[in-house]
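Colleague: Heads up, here are the entries from TrEMBL:
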type    : residues                     : note
BINDING : S27, G28, G29, L30, D31, S32 : ATP binding site
DOMAIN  : 348-420                      : domain 'Lysidine-tRNA(Ile) synthetase C-terminal'
Amino acid sequence: MIKQEFLKKMQEKKYFQDHRKVLVAVSGGLDSMTLLQLLIVSQKELAIELAIAHVNHKQRPESDQEEKALVKIAEQLGVKIFTSSFSGNFSENAARQFRYDFFGKVMQEGHYTALVTAHHADDQAETVFMRLLRGARLRHLSGMKAVQPFACGELIRPLLTFHKSDFPDIQYFEDSSNFQNDYLRNRIRNLYLPDLEKENPQFKDSLRYLGKEIEDWQTALSHLTRDLDIENVQVFHQQIPQVQRFLLQNYLENFPGLNLSKQQFEEVLNILRTKANYQHTLKKDYELVKDYQRFEIKKISRKPDLKMDSILLEFENLIEFGHYRFSFGIPLSGENIQKIFVSRETSLTLRFRKEGDSILLNGHHKKLRRLFIDKKVSFEERNSSVIVEQNHQILAILNIAVSDLSKALKSDIMSTVLYIQKIDG
């Protein structure tokens with residue numbers, strides 16, 4: 001019965017429509033052996049070529065014999081099998097990471113576009129309950145997805161709507177560690193859920209339905225907010241607090257290696273709501289950069305800064321610096337030429353800003369830091385602004401301010417003009 005239902009489900013969902021070479025993760029237990037059998041009998045209708053991937057965790061005396069038996073079964077079925085053995089300090093997380101790294105490698109090298117695992121409805125209920133126990137955010141209570149990107153293709157879980165009780169009585173290898181309650185998932189499966197089912201026999205289904213409702217809620221909100229430019233500060237501030245929270249959570253999904261704690265998430269949310277111009281280092285080499293118009297989270301670049309910090313320009317010379325062309329006393333041809341009055345008697349220094357810089361404006365010295373804040377200059381512009389200096393005094397900050405000193409030189413007989421032209425790139 002399950003064979004017909006399985007095939008019908010696969011054809012309805014079209015899980016394998018874009019896949020020809022399919023890798024099946026097989027441990028040897030009832031779940032994965034059932035999955036393998038269902039795919040074997042359906043592969044003609046699904047038009048797929050199967051291969052098996054098996055990881056020997058080396059944690060039980062019988063592990064090696066089970067691996068040999070699986071190799072023999074694969075030969076009998078005429079299916080390729082790829083095996084690997086775990087080494088190192090064993091833990092659930094380490095073993096899982098090893099498995100999926102191995103699966104991804106096999107997919108890359110063998111040009112398989114889909115990895116299929118045997119997670120079923122009971123596993124889904126356990127996953128939702130485990131995440132609930134661990135205090136996961138609401139969006140993560142949606143459980144496992146039937147299809148998601150993985151390695152060079154997709155990870156497909158075709159049994160998520162089938163219960164273990166639906167599986168036929170077939171040959172499989174019993175993993176004795178499944179009955180040991182050293183791990184949380186085993187305690188959930190063997191102790192917690194059976195007790196809760198005494199109160200509500202449909203408790204597992206309730207957990208699955210909860211996960212599905214949360215997934216639908218997530219999909220609906222994502223659809224409704226899909227056209228919002230979340231990195232636009234004005235757009236972000238226009239939303240009610242609840243939508244801001246959702247948008248930020250969605251935005252963080254673009255950075256799977258970040259994994260902010262709840263406290264760190266609230267800190268970022270507060271920065272976006274209250275800070276005007278801000279740069280904040282996050283964990284794992286990420287940073288939040290926010291100015292008056294936009295914000296973004298990005299990886300901190302570890303590449304050395306190869307740009308020249310400063311350069312000297314002599315009278316009647318021409319040089320390029322900081323995406324600009326500078327000509328000291330000789331007019332430049334072209335459009336949008338900036339002009340700054342300077343003295344012809346001493347050389348000019350072109351440089352980027354330094355801590356403590358100040359400029360004379362309207363008869364008063366003003367710190368560049370304060371000037372940038374008042375003019376709402378973004379972090380990117382601050383770091384790339386070119387300063388024109390003469391006699392250790394700032395004459396101008398390109399596109400931001402011109403000092404009183406430069407203006408005074410306009411009528412000086414010993415003055416000349418510094419011509420400036422923007423260079424594309």
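Cβ coordinates are placed from backbone N, Cα and C, and glycine is handled just like the others.
Keep in mind that TrEMBL annotations are predicted by a computer and have not been checked by a curator.
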Colleague: Mean pLDDT over the domain 'Lysidine-tRNA(Ile) synthetase C-terminal' (348-420): what is the value?
Modeller: 89
Colleague: Counting by DSSP, what is the helix, strand and coil composition of the domain 'Lysidine-tRNA(Ile) synthetase C-terminal' (348-420)?
Modeller: 21 helix, 29 strand, 23 coil
Colleague: Apart from S27, G28, G29, L30, D31, S32, which residues in this chain have a Cβ no more than 8 Å from the mean position of the Cβ atoms of those residues at the ATP site?
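Modeller: So the additional residues around the site are V26, M33, T34, A118, Y172, F173, D175.
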Colleague: Given a 10 Å Cβ-Cβ cut-off, pick out the one of the binding-site residues S27, S32 that has the most other Cβ atoms nearby.
Modeller: S32
Colleague: With the cut-off set at 10 Å between Cβ atoms, which of these binding-site residues ends up with the most neighbours? Options: G28, G29.
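Modeller: Compared across G28, G29, the most Cβ atoms within 10 Å surround G28.
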Colleague: Looking only at DSSP and grouping its letters into three states, which state does L30 (ATP binding site) belong to?
Modeller: helix
Colleague: If you draw a 10 Å sphere on the Cβ of D31 (ATP binding site), how many other Cβ atoms land inside?
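Modeller: Counting Cβ neighbours of D31 (ATP binding site) within 10 Å gives 21.
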Colleague: Provide the number of Cβ atoms within 10 Å of the Cβ of L30 (ATP binding site), excluding the reference atom itself.
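Modeller: By my count, 20.
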